[in-house]
């Protein structure tokens, strides 16, 4: 007897599964609120050099003070990072005569003045992470994703070793503690460290929730459950736009997006450990108790199964705890799956965060962009629900990622004045990108056997977070060529999408329990 047969006897997909999925969806909302928080946490408002002894110019308007103190760009805007070493009073007579002598232009000497009309404060304004320090601002996102990368390795192994529920609780507690500490940061160094550790905790949440829910669901409802859980990522995206719009001060913004984790911790006590994991690891008494609870809640009071029958179901291989990441590469089929999955996950995350962290590049208000990018993900997921069941996982995964890359590439060619067309193409690209992300979670959880599923997800998530860590740094390439970041995102997405064609199809296939089921 297979575990799927047992699930069908307990009611297949009933009230128990709905309750488990709903509770697991709560922490899922929190994940994108932190993963995409950099857009608002580290936003850089318009700024210019602070002008010393400004009180000496009492007879001049603010515009005139800037005119004699700050050089201008060819388009007429004031430069953000440079100032005149001496006031250029002659510009009051003819402002079009910009000085040709570069020796009178210097970098900001007295700090910066920021436009606070949109943000009360961000980490950019708090610690002057602009101009020469711009790289540190982008590095904040990279530090967070380094934490997420580390957490993927740690929690991927630990959840296969010690169980899904215990590690999900631990990761939520970790997220709350360091999320609140990051809100209380008194220096950039403290923020960088606490954001990195917050990333470690949230990585566990991101990694465990979907496979945990899938292990309680029968084959017929597996795709629906995977799409449903991923829908709450989109809800989190939209909520982030609204919370960031209402909370314009970065300390309180961090508190606002971290607090809901406490609700998830409380609710998680009602979710039982994965019976599939318990059986695979020989803990049949606990599995028996949870299966009886599942059947009772689903109205199947006549369900009976003995612990001995569950013990016979347990894999006759070594216990799940003795598997490691090396096991993913020991056998030929698993090795091929792992290498291809790694490439696909890197491409998905690299292009997704490349688009998600460029909210101001498509001609829309950044809050509206965040909300629209979130709302477009919902129809993308609904379409993927149909496609992965009709076309299959492999084709859906490959083409979603390839089309993401083509949309990013199209915006390199489309002229900037055509903001409406650029916005439409960007929104389409974001939809394809989210479709690729939704599919890769579902697809990967079906490719790996139960004894290695979290190790496989941990490895895949590790590679994805490498992509997420590099994505914000690629924006710095615009100093080489303005379109180089977009060309890079496009090329990586198309190449990695093509690799997905090498993976096996899993549509309507039982979840594998042991390595022998894969090989």
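From the backbone N, Cα and C atoms, a Cβ is placed for every residue, glycine too.
Restricting the average to the domain 'Major facilitator superfamily (MFS) profile' (87-507) gives a pLDDT of 86. Among the features that TrEMBL reports, domain 'Major facilitator superfamily (MFS) profile' is placed at 87-507.
According to TrEMBL, the transmembrane segment annotation covers 139-159 (among others).
For the transmembrane segment (166-186), the residues of the chain that approach it from at least six positions outside its boundaries are 27, 30, 34, 151, 155, 158-159, 194-195, 197-198, 200-205, 208-209, 212, 251-252, 254-255, 257-258, 261-262, 264-265, 268, 273, judged by C-beta separation under 8 angstroms. The transmembrane segment annotation in TrEMBL covers 166-186 (among others).
The annotation transmembrane segment is assigned in TrEMBL to 192-212 (among others).
Among the features that TrEMBL reports, transmembrane segment is placed at 224-246 (among others). Sequence-remote contacts of a segment are chain residues at least 6 beyond its ends whose Cβ falls under 8 Å from one of its Cβ atoms, and for the transmembrane segment (224-246) they are 17, 21, 24-26, 28-33, 36-37, 39-40, 209-210, 213-214, 217, 253, 256-257, 367-368, 370-371, 373-375, 377-378, 381-382, 384-385, 434, 437-438, 441-442, 445.
Look at TrEMBL and you will find 252-271 (among others) tagged as transmembrane segment.
As annotated by TrEMBL, transmembrane segment applies to 337-355 (among others). Packing against the transmembrane segment (337-355) from elsewhere in the chain are residues 35, 145, 328-329, 373, 397, 401, 404-405, 408, 426, 429-430, 433-434, 436-437, 440, 444, 447-448, 456, 459-461, 463-468, 470-472, 474, 485, 489, 492-493, 495-497, 499-500, 502-504, 518: each is 6 or more residues past its ends and has a CB under 8 Å from a CB in it.
According to TrEMBL, the transmembrane segment annotation covers 367-387 (among others). Nonlocal intrachain contacts for the transmembrane segment (367-387), taken as residues 6+ away from its ends with a CB within less than 8 angstroms of a stretch CB, comprise 32, 36, 39, 223-224, 227, 230-231, 233-238, 240-242, 244-245, 355-356, 359-360, 395-396, 400, 427, 430-432, 434-435, 438-439.
Annotation comment: TrEMBL describes 399-418 (among others) as transmembrane segment.
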